[in-house]
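To keep things clear, I will list the structure first and then write my remarks on it.
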Amino acid sequence: MRLRTCLLGLLALCVASKCSYSPEPDQQRTLPPGWVSLGRVDSEEELSLTFALRQQNVERLSKLVQAVSDPGSPHYGKYLTLEDVAELVRPSPLTFRTVQKWLSAAGARNCHSVTTQDFLTCWLSVRQAELLLSGAEFHRYVGGPTEIHVIRSLRPYQLPKALAPHVDFVGGLHRFPPTSSLRQRPEPQVSGTVGLHLGVTPSVIRQRYNLTAQDVGSGTTNNSQACAQFLEQYFHASDLAEFMRLFGGNFAHQASVARVVGQQGRGRAGIEASLDVEYLMSAGANISTWVYSSPGRHESQEPFLQWLLLLSNESALPHVHTVSYGDDEDSLSSAYIQRVNTEFMKAAARGLTLLFASGDSGAGCWSVSRRHQFRPSFPASSPYVTTVGGTSFQNPFRVTTEIVDYISGGGFSNVFPQPSYQEEAVVQFLSSSPHLPPSSYFNASGRAYPDVAALSDGYWVVSNSVPIPWVSGTSASTPVFGGILSLINEHRLLSGLPPLGFLNPRLYQQRGAGLFDVTRGCHESCLNEEVQGQGFCSGPGWDPVTGWGTPNFPALLKALIKP
């Protein structure tokens with residue numbers, strides 16, 4: 001014990017001197033709106049911290065993703081197994097040994113890794129963690145839509161410089177739970193209902209996107225789909241059953257989730273969770289559905305990071321995953337964003353389709369040195385996910401053509417360069433759009449998003465046994481598009497073809513084939529004199545508001561069923 005204390009003391013002296021480094025110097029450490037500090041945490045309280053170990057062969061992984069995702073490649077659709085990915089990226093023995101010894105000397109307990117061995121999660125007391133991570137100071141905070149409690153440090157932390165080649169970042173310190181892409185709008189007023197609908201339901205979705213009663217899962221394949229839940233959001237099985245009773249009468253469907261991965265709470269259902277499950281399972285009807293429930297088993301855990309760890313630890317996963325959460329790019333450290341992006345590369349190499357909501361703040365807005373700029377969202381801005389924007393009906397009470405939903409997130413990343421698969425489409429947009437914002441507001445050479453869109457306005461949801469109208473946001477459009485891709489995977493599997501995997505290279509090569517082009521409307525942005533609240537506007541072809549457009553199922557199936 002005396003030796004361990006001595007080692008910790010030496011480490012603390014080292015960290016306080018020049019032999020330390022900060023893994024995340026650019027991580028935002030301000031308290032997010034809606035959160036309040038409850039004070040310091042007791043020094044003997046236990047924390048669960050996740051150490052992201054430096055991976056190997058990331059460049060090679062990137063090339064493999066390109067090979068298995070490009071229809072023009074001879075390796076298209078020849079996905080890697082989890083074991084293949086682990087063999088490629090697992091940290092060097094030196095990295096694993098160095099970090100383990102460092103943690104053991106600090107008194108870390110119950111450490112466990114994942115199949116790919118690139119994350120290590122350990123338990124430490126607050127006192128041990130603050131000695132280990134010099135500068136960290138843990139407080140308990142309460143906030144979020146469900147008033148959850150988390151333990152975080154708003155102060156920068158440092159590690160011994162000897163660990164710089166071995167540790168990307170430490171999870172469980174700074175990042176608060178991600179925000180949801182969900183709004184509830186007041187119900188529009190309408191007189192008379194003949195020939196009208198009073199909100200988006202599965203039958204409206206199926207009518208608009210040309211899904212027939214026969215467009216459901218066959219029940220004979222190993223096809224599956226999943227959505228992820230955070231922020232202590234839970235769905236209730238009884239709500240799903242009631243939703244299908246009310247709205248699922250004209251198509252075959254499953255009225256229960258096949259598997260819940262993680263903890264499913266017993267509290268009140270969340271509208272977000274209910275929406276995701278109900279519309280993933282009604283768009284991707286009669287297809288086995290998993291729910292990843294990652295509230296964070298402990299106050300110090302990061303739910304989104306826990307979900308990524310689950311993906312790195314299971315060999316057999318659903319083919320399509322939809323996630324309706326995100327953060328502002330500028331609120332996250334470069335180390336964290338780049339590492340999470342690599343996790344998405346790992347998923348793409350395995351043939352998983354990851355869909356993320358584009359957000360509900362239009363182009364976003366923030367002020368840098370008193371100058372306004374648009375504010376992109378992550379993971380929506382990752383070049384290895386398919387990002388889904390939002391639309392509204394031109395006539396809100398009729399199944400008509402779609403226009404931009406003004407809240408639909410979209411824009412250009414300030415972190416990721418523009419991937420080659422979308423360069424031609426972006427150049428075409430920038431050279432032809434008559435309503436471009438000033439160039440100082442966005443990074444025209446960054447990854448542009450969204451890639452596609454779907455209806456995001458005026459949904460009916462059943463939550464806590466109550467039908468709730470006019471729920472809106474790209475949290476709605478994302479599971480709808482995901483369910484439709486699951487139906488296409490069903491046809492591919494029945495034809496002996498691999499699942500779609502990472503969709504973007506094929507999507508951009510086909511230049512919107514199988515999608516309804518949305519050409520009217522603009523989304524919101526900065527409320528200043530220069531742009532007056534207007535961000536980007538949609539137009540013919542791809543645009544950074546609705547991507548290539550919304551699904552026309554028969555045409556999209558025809559475009560994507562080809563080998």
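Cβ coordinates come from backbone N, Cα and C, glycine included.
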As recorded in Swiss-Prot, which of CYS365, CYS537 forms the disulphide with CYS522: CYS537
Confidence summary for the domain 'Peptidase S53' (199-563), mean pLDDT rounded: 94
CYS122, GLU272, ASP276, ASN313, CYS526 filtered to the recorded positions whose C-alpha is within 10 Å of SER475 (active site, charge relay system): GLU272, ASP276
Around the Cβ of CYS526 (disulfide bond), the count of other Cβ atoms that are within 10 Å: 23
Proximal but sequence-remote residues of the same chain as ASN443 (N-linked glycosylation site) (Cβ under 8 Å, at least 6 apart): PHE412, SER413, ASN414
Pairwise CA distance, GLU272 (active site, charge relay system) versus ASN210 (N-linked glycosylation site), rounded so that it is a whole Å: 26
CYS522 (disulfide bond) and ASN286 (N-linked glycosylation site), distance between Cα atoms, whole Å: 36
Nonlocal neighbours by CB distance (under 8 Å) for CYS111 (disulfide bond), same chain, sequence gap 6 or more: GLN100, LEU103, LEU120, THR121, CYS122, TRP123
Recorded positions: ASN286, SER475 - member with fewest neighbouring CB atoms within 10 Å: ASN286
